[in-house]
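These notes are about the structure you will find just below.
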Amino acid sequence: MILTVTPNPAVDHTIHFDEPLQTGVVHRTDDAVFTAGGKGINVAKYASALDADVTASGFLGGHFGKFVRDRLDADGIASDFVTVDADTRLNTTVLAADGEYKLNHNGPQIRAADVDELVETAQANEPDTLLVGGSLPPGMSLSDVDRLARAGDWKIAVDMGGEYLAELDADYYVCKPNRSELAAATGRTVETEADAVEAAEELHARGFEYVLASLGADGALLVTDDEVLSAPALDVEVVDTVGAGDAVMSGFLAAREHGLSDADALRMGVLTASRVVGVAGTRVPDLEDVLTNETHVEVTTVRTR
């Protein structure tokens, strides 16, 4: 079983405008989507669609927290959240003719007692894999993440920002940086695939068993103990990139839970992301739809190690 922990979940509000945004102008639209969001929650939604046994956890509070719970219940996704006093945040993505704008809140204040309850929740669920995804809310630190990682006999997956990956010092199962997070975590310039390979191998050397790097239109890389694998992105129309990296992690974890190989797990990550970017918001892809393009993703070995 996979337990996803989202310390700082959100209601994702995605708005679409056909015209460029202008200062001082009131822009109106009927094209708006509200979804339950946050990296761990997204992974839970996508992995569940891929027939993985998954439960979503983390901190929720207030009206927006209730929205997240209700939406997960409606989608048939198991959840076991810790209730906190402050409100869950609202994150807004604006898709306009002149680009994509992201407006994120910091999140609620978390108390030490909340972290204690989260650790107890994880222990009660006894997962095989525990994923920590997204930013940390005020009051929670990386030492709390490490405590969560060591609180049970489970594999730890992390999908966090580069500033967090730079500080983590533990033998974790897998991390999933994107290009900018690879750069932030290693202090390297990451522009080419070769740059990404070097940065990902550095993270692997720090103790991650797998480094799964999502590179947007350039696909994804997987660094293992034995080799570096590469999978190209599918040529699809991109509507919204929100949740794309989460989809890569979801496909990987779901495939590993089903006993698939490293190459097939990387392929599943790329396939899942290819479906997610085709719709606005973090809507859940259908497994049958994901597998439609299975033969179109050729995984290659970049190098052996």
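The backbone N, Cα and C atoms fix where each Cβ goes, glycine too.
The ATP binding site annotation in Swiss-Prot covers S214, L215, G216, A217, D218, G219, G245, D246, and the record cites similarity to another entry as its basis. Residues within less than 8 Å, Cβ to Cβ, of L215 (ATP binding site) and separated from it by at least 6 positions along the same chain comprise N178, R179, E193, A196, L221, A233. In three-state terms derived from DSSP, L215 (ATP binding site) belongs to neither a helical nor a strand segment and is classed as coil.
Neighbours of D246 (ATP binding site), defined as other CB atoms within 10 A of its CB across all chains, total 31. The annotation active site, proton acceptor is assigned in Swiss-Prot to D246.
Cβ-based crowding with a 10 Å cutoff singles out G245 as the top-ranked of the binding-site residues G216, G219, G245. Of all Cβ atoms in the protein chains displayed, 27 besides its own lie within 10 Å of the Cβ of S214 (ATP binding site).
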